[in-house]
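One structure below.
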Amino acid sequence: LAGLIVYLGMMVGAVLLGGLADKLGRKQCLIISLAINAAFAFLSSFVQGYGFFLFCRLISGLGIGGTLPIVFAYFSEFLSREKRGEHLSWLCMFWMIGGIYASAMAWSIIPHYGWGFSMGTKYHFHSWRVFVLVCALPCIASLVALKFMPESPRFLLEIGKHDEAWMILKQVHDTNMRAKGEPERVFTVSYIKTPKQVDEFIEIQSSTGTWYQRWLVRITTTLKQVWDNVLYCLTAQYRMNTLMLAVVWFTMALSYYGLIVWFPDMIRYFQDEAYESRVKIFDEEEVSHFTFNFTLENQIHRNGEYRNDKFIGMKFKEVRFEDSLFEDCYFEDVRSSETFFENCTIISTVFYNTDLYEHKFINCRLINSTFMKEKEGCHIDFEEDNDFLIYLVSFLGSLSVLPGNIISALLMDKIGRIKMIGGSMLISAVCCFFLFFGNSESAMIGWQCLFCGASIAAWNALDVITVELYPTDKRATAFGILNGLCKFGAILGNSIFSSFVGITKVVPILLASSALVGGGLLALRLPETREQVLM
């Protein structure tokens, strides 16, 4: 749920803030998106309640979702036609760099459980909160850097601010001349194509109505303009391209995000199977006057009898006691994870400073037993044996897209967007079929890396063609709609694929591969935009 709630926020943010960027400006809306993400990501690292934490992640997702369509529209409007595909692909690489950064930070921070602190029993700031905080730092740095960036000159021309656009273009021209080592030349504009102004914004004078009435009019008018832009993307001129792109975005997201969640879940499933196969079973053991001061792990104790035993300063990990008797025993400073007592009889036993709570005793009889000073607060132990593999899988998954990113950047303007999307999706579909042979952790990690590396070229080309198919005043809106649909596909993929873990591999593999084939073939019918000048 913590992962899906971010996708939900991204879905809404992409449509809303993407649409606003076509009305308020790229730079302003990008600052708003980054500020929302940074503020609520920062806040989520400190909140203690699960509900409020989810709310912060939801609003943070709103900012992340708004950033994506804006940053592609913003950057594309500074690029020349000859290198546009290549440079937009290099921009896509920073998604991979962000993934590597997040994986590396998680690996280096979260296992260090002692890096946090506690204030009493109610407030805990553990290492995972430090990780959430560190993940907000690049967003804050981007906010600062963006203050020194100009607005998109194309957007300024759209709203009739020709002088400001001219100054920015002159700055770009002069910078390019210096970079090439050529003598400075006077920057001149011989021709400007002025777009038709259709501005329905109604400015309310400060003397008219109350302050909230004036703001209400401004907000409703702006939202109406955003909605008109959404409808414009479905007019006869753009309807077919929008619908085809929507299907390609959705099928790509359904398969990619579904498998990205399915891979680590399957790896965890293989780990759990191997762990369960090593379980030790003890039947009818009788222990008396013994002190347990060591860890018991992965054990099942059936029909045992424990009399006058002490369990002191120890930990139960994946331990079950079934139909057992505890009489005159003493538990002190005991920690447990996935430990349960089933159908046990517990007589004259004292539990002092333990986390053996009521729900861990299933159908048990407790006679003259006492629970004193139960452990409070959070007692999660991140230092698990399998944690190394969890972080390694995340890190390798992020790193594996590097070759695909480089290849797509170098070939984007040579072979075109359409062949890149279709070829990448069809190759990814073939990779899906090999997942039938993934019956171990190492095999699943290998196929995950191959799938991610093959599919990234389609993502990059899809980003490029989306910004090129729409005019400047509709570009961020269209990208936002399609990216929002993409996140809906991600939510659906996560939910569907994760439900089949441990049940069958057939449904996820066939669903992912068929979606990729269908989307890839449909993508081949899209118009090629390699030689197209931005509208």
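Just so it is clear, glycine is given a Cβ too, placed from its N, Cα and C backbone atoms.
Going by TrEMBL, these are the annotated features:
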- 1-530: domain 'Major facilitator superfamily (MFS) profile' (DOMAIN)
- 6-22: transmembrane segment (TRANSMEM)
- 29-46: transmembrane segment (TRANSMEM)
- 52-76: transmembrane segment (TRANSMEM)
- 88-110: transmembrane segment (TRANSMEM)
- 130-149: transmembrane segment (TRANSMEM)
- 243-263: transmembrane segment (TRANSMEM)
- 388-411: transmembrane segment (TRANSMEM)
- 418-438: transmembrane segment (TRANSMEM)
- 444-465: transmembrane segment (TRANSMEM)
- 477-500: transmembrane segment (TRANSMEM)
- 506-526: transmembrane segment (TRANSMEM)
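Using the rule of three or more Cβ pairs under 8 Å, pairs at least 6 apart in sequence, the transmembrane segment (52-76) is in contact with the transmembrane segment (6-22). For the transmembrane segment (444-465), the residues of the chain that approach it from at least six positions outside its boundaries are 72, 84-85, 88-89, 92, 96, 245, 248-249, 252, 256, 259-260, 263, 266-267, 270, 392-393, 396-397, 399-405, 407-409, 412, 417-418, 420-421, 423-425, 427-428, 431-432, 434-435, 438, 516, 520, 523, 526, 529, judged by C-beta separation under 8 angstroms. In this chain, the transmembrane segment (6-22) lies out of contact with the transmembrane segment (418-438); the count of Cβ pairs under 8 Å, excluding pairs fewer than 6 apart in sequence, is fewer than 3. When pLDDT is averaged over the domain 'Major facilitator superfamily (MFS) profile' (1-530), the result is 84. If one looks beyond the transmembrane segment (29-46) by at least 6 residues along the same chain, the residues whose Cβ comes under 8 Å of a Cβ in the stretch are 13, 17, 20-21, 53, 56-57, 59-60, 62-67, 70-71, 74, 125, 129-130, 132-133, 135-136, 139-140, 142-143, 146-147, 476. Pairs of Cβ atoms less than 8 Å apart link the transmembrane segment (506-526) most often to 243-263, out of 243-263, 388-411, 477-500.
Within the chain, the transmembrane segment (388-411) has long-range Cβ neighbours (under 8 A, six or more residues past its boundaries) at 86, 89-90, 92-93, 96, 99-100, 102-104, 106-107, 110-111, 260, 263-264, 267-268, 271, 420, 424, 441, 445, 448-450, 452-457, 460-461. Against the transmembrane segment (130-149), stretch 88-110 has more CB pairs under 8 A than any other of 6-22, 88-110, 243-263, 477-500. It is 243-263 that, among the stretches 6-22, 88-110, 243-263, forms the most Cβ pairs under 8 Å with the transmembrane segment (477-500).
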